[in-house]
Amino acid sequence: MQKKVLFNDIVFVCFPITDNGSIIISDIGYSDDGYNRPTGRQGTIENGDPYRITVPAGYSYTNKNVQNGNMIRLVRVNDSKNGCWYNGSGDGWLEIRDYVGPDWRADWTVQIINPANNDNSLYYGQHFRLMNRAQVENPTFQGPSDFASIALWGSNNTNNSVMMLLNGPLDTAKLECCKDNPIFTQPDYCANYRGTTCSGQCDDILSNYCAQVTTTDPKCGCLLPASFYTQNSAIGPPECIDDRCVDTNSYRKSTQCHPNCQIVDCDININDFNGTNINKIVYEQECGSKSTPNGPNGPTPTPSNGPNGPTPVPGIPPANGSSTSFFSRYGLWIIIAIILLIVIISAVGIYFYLR
């Protein structure tokens with residue numbers, strides 16, 4: 001959803017669907033009669049000449065946003081004399097006039113072409129025309145020129161009189177371009193300031209933006225502050241392992257566009273682990289792009305005595321491993337041999353006693 005246009009907003013003025021393509025008002029031309037004239041050409045926000053939307057002298061509106069039928073003035077931002085659009089000298093071209101007081105020729109009525117249902121507000125990117133209050137004149141783009149580009153030749157309902165506003169000032173416009181705001185990219189007023197081109201122009205812009213809004217913008221999944229990735233940072237970068245970034249349409253820095261992810265994703269549930277001869281095997285789990293150093297040495301586990309004797313600890317052989325193994329294999333035969341030996345000795349003793 002695009003933002004509403006408010007009085008006192010700084011904007012870029014565009015003619016998006018002219019016979020010459022998408023046009024942005026970019027400068028002023030100088031004439032012999034002493035009055036400057038707005039000029040426009042195909043270009044980007046970096047070429048744009050920003051304007052401020054103001055309430056005309058003698059008017060007041062309770063609503064802060066510009067609405068269909070409101071009177072506005074377009075005042076050049078980079079003009080110490082507050083030059084504004086003016087229906088002036090009669091030669092048929094839109095002028096810039098300085099320090100204009102109450103004057104109908106400087107006042108323009110907003111005519112939204114397709115207003116939304118039950119909403120008369122003007123939105124950024126929405127198409128509209130302007131009508132001069134003093135005369136029936138629609139500003140109409142005639143062609144790129146160093147002298148004048150915007151004609152006032154009466155009423156005009158062609159594509160050349162269709163206008164559109166983009167959010168300013170320039171830093172705001174760059175951010176909207178980097179966020180791939182469609183009113184900036186269709187048609188293209190952004191050039192290299194596109195978040196999807198990975199040109200590098202948007203790296204700092206998007207990083208600073210995501211540091212401020214964090215997860216309130218779900219498309220910041222690749223560019224969140226480092227504290228949001230502490231659990232996984234030892235395994236790999238977010239563009240390789242974080243589900244807020246991988247396989248999403250999130251904003252990315254140029255270094256994240258074609259990541260080299262050599263990550264082994266290990267997930268072992270010890271409760272479901274079915275092992276045998278655990279005390280005779282060393283298990284080593286390594287997750288990440290490379291082996292990680294062993295953790296700090298902790299206390300050596302010791303056997304605990306259970307009802308059936310000492311409980312072996314995995315990885316540590318029993319203290320008397322050899323004797324335990326010996327008796328577990330030959331204990332029964334040793335006992336039988338001892339019994340037989342006792343019987344034989346007893347029999348021999350009885351024999352000699354009876355003699």
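Yeah, the Cβs are placed from backbone N, Cα and C, and that goes for glycine too.
Residues or ranges marked as compositional bias 'Pro residues' in Swiss-Prot: 296-317.
What Swiss-Prot records for N20 (among others) is N-linked glycosylation site. The Cβ of N20 (N-linked glycosylation site) lies under 8 Å from the Cβ of Q42, F141, G143, P144, each of these being in the same chain and 6 or more residues away along the sequence.
Sequence-distant neighbours of N78 (N-linked glycosylation site) (same chain, 6+ apart, CB under 8 A from its CB) are D49, P50. Under the DSSP three-state reduction, N78 (N-linked glycosylation site) is assigned to coil, being neither helix nor strand. The feature N-linked glycosylation site is assigned by Swiss-Prot to N78 (among others), with sequence analysis given as support.
The secondary structure of N87 (N-linked glycosylation site), as reduced to three states from DSSP, is coil rather than helix or strand. According to Swiss-Prot, the feature N-linked glycosylation site maps to N87 (among others).
Residues or ranges marked as N-linked glycosylation site in Swiss-Prot: N156 (among others). Spatially close to N156 (N-linked glycosylation site) yet at least six residues away along the chain are R129, N138, T140, judged by Cβ distances under 8 angstroms.
Neighbour density for N159 (N-linked glycosylation site): within 10 A of its CB lie 14 other CB atoms from the protein chains shown. According to Swiss-Prot, the N-linked glycosylation site annotation covers N159 (among others), on the basis of sequence analysis.
Sequence annotations record features per position, and here Swiss-Prot assigns N-linked glycosylation site to N274 (among others).
As annotated by Swiss-Prot, N-linked glycosylation site applies to N320 (among others).
Residues annotated as region 'Disordered' in Swiss-Prot: 288-317.
Taken from Swiss-Prot, the feature signal peptide covers 1-21. Only residues 6 or more beyond the boundaries of the signal peptide (1-21), in the same chain, are considered here, and those with a CB under 8 A from a CB of the stretch are 40, 42, 45, 48-55, 61, 64-66, 72, 74, 77, 121-127, 141, 143-144, 159-169, 172-173, 181, 183, 187, 189.
Summarising the annotation, Swiss-Prot assigns topological domain 'Virion surface' to 22-331 and lists sequence analysis as the type of evidence.
The transmembrane segment annotation in Swiss-Prot covers 332-352.
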Local confidence of the topological domain 'Virion surface' (22-331) - pLDDT mean: 83
Tertiary neighbours of N87 (N-linked glycosylation site) (same chain, Cβ under 8 Å, six or more apart): L94, E95, R105, A106, N132, A134, Q135, E137, L152
DSSP three-state assignment for N159 (N-linked glycosylation site): helix
